[in-house]
Amino acid sequence: MSAARTLRVPGRHGYAAEFSPYLPGRLACATAQHYGIAGCGTLLILDQNETGLAIFRSFDWNDGLFDVTWSENNEHVLVTCGGDGSLQLWDTAKATGPLQVYKEHAQEVYSVDWSQTRGEQLVVSGSWDQTVKVWDPTVGKSLCTFRGHESVIYSTIWSPHMPGCFASASGDQTLRIWDMKATGVRIVIPAHQAEVLSCDWCKYNENLLVTGAVDCSLRGWDLRNVRQPVFELLGHTYAIRRVKFSPFHASVLASCSYDFTVRFWNFSKPDPLLETVEHHTEFTCGLDFSLQSPTQVADCSWDETIKIYDPTCLTVIPA
């Protein structure tokens, strides 16, 4: 693996890292003080340079920040979510902020995602109050609220294929697929016999999702038949905190875990584990693939570091 570009952010524990869909090498990172239990949070906007990573902007919030998502229609705009139940809209072209605060959730908001399908500009949020809310960032209040989960919601993600469709993962051990047009849950998948902390939608297959859970396993789900997972990936030794499909390879995904590692997988292979990256000394919570560089990955950890690197396995995969 090539040497990682590393930025140390003392007193800030990383929760989420997201590459800009517009600017090569720009990365957003949501962080919290005191492991997210108390204190404030900081949104960091980073740029890569020849020597490593540099902070382009940082924005402080009065509670921990747990997730971040870039706008899909404005290269300067992003949304974060925090421990005070609010979502915050930021503009990297301005040194102060936020532009807007949306506060409806009754507890921590752990997940935000900006829709990727053309024709809609919507944000979905998932909270510990067991609700999912959908927002139009130009409107000051949520468009709708979805109820049905019986525990904390850890992850919400839009389908990259189907407008108005999103998935959520919860401490109630289920993965749920929702449709705004149906204003309710379409599919309930008992995905694990443990809390499900993360889910993602395959960029190449509208019927394929992956879940990562406290039972240390990753499972793939085909929405046309959800009785059994289509794959199961084992190797992590503690809870899986985040999972992401590659935007460049249809059967490659990455996962990060409370076991301090990031693992890369090709679920189409008999021996699916491609590589294990061990460069953190604490829970690894944030993870993303670059949308511009097929080999580049970013992650962040409670060890107060953010890293951008090129894992060996991504540099040798045939196109």
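The backbone N, Cα and C atoms fix where each Cβ goes, glycine too.
As given in TrEMBL:
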| type | residues | note |
| --- | --- | --- |
| REPEAT | 102-145 | repeat 'WD' |
| REPEAT | 146-181 | repeat 'WD' |
| REPEAT | 189-225 | repeat 'WD' |
| REPEAT | 233-275 | repeat 'WD' |
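Broken down with DSSP, the repeat 'WD' (146-181) shows 0 helix, 20 strand, 16 coil. Within the chain, the repeat 'WD' (189-225) has long-range Cβ neighbours (under 8 A, six or more residues past its boundaries) at 151-152, 154-155, 157-162, 167-171, 173-177, 231-247, 250, 253, 255, 257, 259, 265, 267.
Residues 66-73, 77, 79-89, 151-164, 166, 168, 170, 178, 180, 183 of the same chain sit 6 or more residues outside the repeat 'WD' (102-145) yet have a Cβ under 8 Å from a Cβ within it. Averaged across the repeat 'WD' (233-275), the predicted model reaches a pLDDT of 97. Sorting each residue of the repeat 'WD' (102-145) by its DSSP state yields 0 helix, 22 strand, 22 coil.
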